[in-house]
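Can you keep this structure in mind? I'll have questions shortly.
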Amino acid sequence: MDNAKIPAKLLKEAVFTFVLSLIVFGPISGLVLTGFTVENKLARPLIIASVVTIGRVLFTLFLETSLGRRLIARMAGTAGSGVTVESGNERFPYAAVAIAFAVGLAFPLMADEYWLGVAILALIYVLLGLGLNIVVGLAGLLDLGFVAFYAVGAYLLALGAQYLGLGFWGALALAPLIAAFCGMVLAFPVLRMHGDYLAIVTLGFGEIIRLVLNNWLDFTGGPNGAAVPAPTFLGLEFTRTARQGGTPFHEFFGISYSADYKFWFIYLVLFLVVAAVIYVVNRLKSMPIGRLWEALREDEIACRSLGVNHVATKLSAFMLGASTGGVAGVFFAVHQGFVNPTSFTFFESALILAIVVLGGLGSTLGVVMAALVLTILPEVLRDFAEYRVLVFGILMVVMMVWRPRGLVRIKRPAFFPSSAPAAVPALAAAEAAQ
Amino acid sequence: MTEPVLTVENVTMRFGGIVANQNVNFKVDKGAITALIGPNGAGKTTLFNCITGFYRASEGRIVLSTAEGPRDIGALLSRPIVGGSHLVTRAGIARTFQNIRLFREMTVVENLLVAQHLDTEANLLSGVFKSAVFRRAEAEAVERAFYWLGQMNLVDDANRLAGELPYGRQRRLEIARAMCTSPRLICLDEPAAGLNPAETIELSEVIQRLRADHDLTVMVIEHDMHLVMSISDHVVVFDHGVVIADGTPKEVANDPAVVAAYLGVEEKEVAE
């Protein structure tokens, strides 16, 4: 903008902001109810409005500086397509990954019980986010009932232990298979649907699972929930005294008892599973199946014209996503020691979807970051007490306005031939003539 | 050149009460360039959709002759559970679209890699652990993608997003992508729409080279009469869903029915 116009613009903005904030703050801060009379405290809204106006003017002035302009340019740049292609010179950040892995492994040594619990929850949401990212981010199928698979995993452990004597490890191995099967059952009726319709059907599926769990009293325990057995490590229990005979973990290793060992154990297994899933998801993205998912998201009709079996491709996305959700469910159940249907409401599905969208659809790193932010942030915000959810909501809105395509920009891999292919001379000439 | 690659027999396509194609018969000779022409709404694209398996013809048969014997397109579509239009592509018919359908947020090379999924589709575990077999298949797919980029003069754009390319190049990329499925017959739906004269000339060279070098049969829907008359061996003229003329470009151009139904309408419009 040219500099002569700035004062006029500032004045206009200042008046506008002042009037608007008077209207907003006037009634709520200027009129105070005492007993049955209303007291006028008009100075207060005037002060608030002045502060807001000064803030607005300073903000505008800041945006006019060179720093501000650069910031705007950057925001405008990222608001565009949000997808860039690598140059081919990128190196895999081995050092950063190794450090992150080491810090992750060593985390239980640094954290107290409370933060370890938060970390376990955060990692569970990372898993959920990665699973849903396959379905929504890569294959472009909007799934609002993802929590169903989470519930399947959690109840598999709880009910499996109750009826079949299934343990933590058995459930961990079975959960992906059972959840994938449920994913397949869900996927069959929805394969012909797109967008909104798909979202509604999956939403219904999520609710059905929750309602069944809630109302099938004899089998699931209904709203009373079901107890989940504690995990074991090579048959060693983490209790003070062994309940099923044998020796507890601490006696076996000759160390003093601590209730934390169980959480350390859950955390470490979970961390390794998350690391493995991140690796696999990353590989999937550069494999033919991952490219097919993304192609399906971009244009289903074009996919069919290339001989892609869109039914099988969608099915595979649903099943792999669901199995990841099922694994997350097992960890949730074993961490809580108890499951009941209130943990698997639509709000959970929405939160997982928020993780995927905030992270950037299709970006693994973005989903991991968003999952960590969205689970740790509410804990940090406990200082704000009852305004916690409000602040959380505002942050999400701000995120979406500034970074509509998510935290992390999507990068597409570059490919190079082993030798330069010969261009066709006739064509090259025609192009040069243009 | 006598053996037909594609035989269309008595094909009728109805949408409710609307008849888009009625009793259409023609043959596409191997190695020939066959053009479908006709006014807008004459049913050309509907027939294309029937041939490429996007619609199932209400009546009649469409038979593709392949190395493994004849294949009935309708039967491929109605196969229980596994049936569908993707089988038609696998049998050897590739197509492009009137309004370009690229994977816009994927790179040019990735567009071509998607098209080769049948050759690279190794099992999941070998991909996850980057086995030697997987790496070799991927490398070959990349080489093949670059071969077709070379053929279409798109090598410099290899690592750009497909949606960023200029229009003419997007058209060529779509042809390259269709070629990556190793088709016997390629169906081009208005490939010259939106191209400037220089690009149209380039396109006609591309089509003729594909036919000459790659043992390919080409079917094309086109409104650019200059292009149609210069490259095609065989022209089929549609009007109101029926074939009104079928022959060499010269025969068709002199056919009184074509002049009346096709050009005659336009002259009347001018007169009004």
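Count begins at 1; order follows the chain as displayed.
Every residue, even glycine, has its Cβ placed from backbone N, Cα and C.
Summarising the annotation, TrEMBL assigns transmembrane segment to A:15-36, A:42-63, A:92-109, A:115-136, A:141-160, A:166-188, A:195-213, A:263-281, A:315-338, A:350-377, A:384-402.
Just tell me what is around each of these and how deep it sits.
Long-range neighbours of the transmembrane segment (A:42-63) within the same chain, counting only residues 6 or more positions beyond its ends whose Cβ lies under 8 Å from a Cβ of the stretch, are 9-10, 13-14, 17-18, 21-22, 25-26, 29-30, 69, 71-72.
Tertiary proximity for the transmembrane segment (A:92-109) is limited to same-chain residues at least six positions away from its ends with a CB under 8 Å from its CB atoms, namely 116, 119, 260, 263-264, 267-268, 271, 275.
Within the chain, the transmembrane segment (A:141-160) has long-range Cβ neighbours (under 8 A, six or more residues past its boundaries) at 128, 131-132, 135, 166, 168, 170-171, 174-175, 178-179, 182-183, 186, 190, 195-196, 198-200, 202-210, 213, 219-220, 225-229, 314, 317-318, 321-323, 325-330, 332-334, 338-339, 341, 343-346, 348-350, 352-353.
Within the chain carrying the transmembrane segment (A:166-188), a Cβ under 8 angstroms from the stretch's Cβ atoms is held by residues 145, 148-149, 152-153, 156-157, 160, 202, 205, 229, 231-232, 269, 273, 314-315, 318-327, 329-330, 333-334, all 6 or more beyond its ends.
Same-chain neighbours of the transmembrane segment (A:263-281): 101, 104-105, 107-108, 113, 116-117, 119-120, 123-124, 126-127, 130, 133-134, 172, 231, 233, 238, 249, 324, 327, 331, 334-335, 364, 368, counting only residues six or more beyond its ends whose CB sits under 8 Å from a CB of the stretch.
Note on the transmembrane segment (A:315-338): residues 117, 120-121, 123-125, 127-128, 130-135, 138-139, 141, 143, 146-147, 149-158, 168, 171-172, 175-180, 182-184, 186-188, 191, 225-228, 230-231, 263, 266, 269-270, 273, 277, 284, 289, 293, 296 of its chain, located 6 or more positions outside it, place their CB under 8 angstroms from a CB of the stretch.
Using a Cβ-Cβ cut-off under 8 Å and counting only residues 6 or more beyond its ends in the same chain, the transmembrane segment (A:350-377) has close neighbours at 82, 118, 121-122, 125-126, 128-130, 132-133, 136-138, 143-144, 146-147, 278, 281-282, 285, 294, 392, 395-396, 399-400, 405-410.
Sequence-distant contacts of the transmembrane segment (A:384-402) (same chain, six or more residues past either end, CB-CB distance under 8 Å): 75, 354, 357-358, 377-378.
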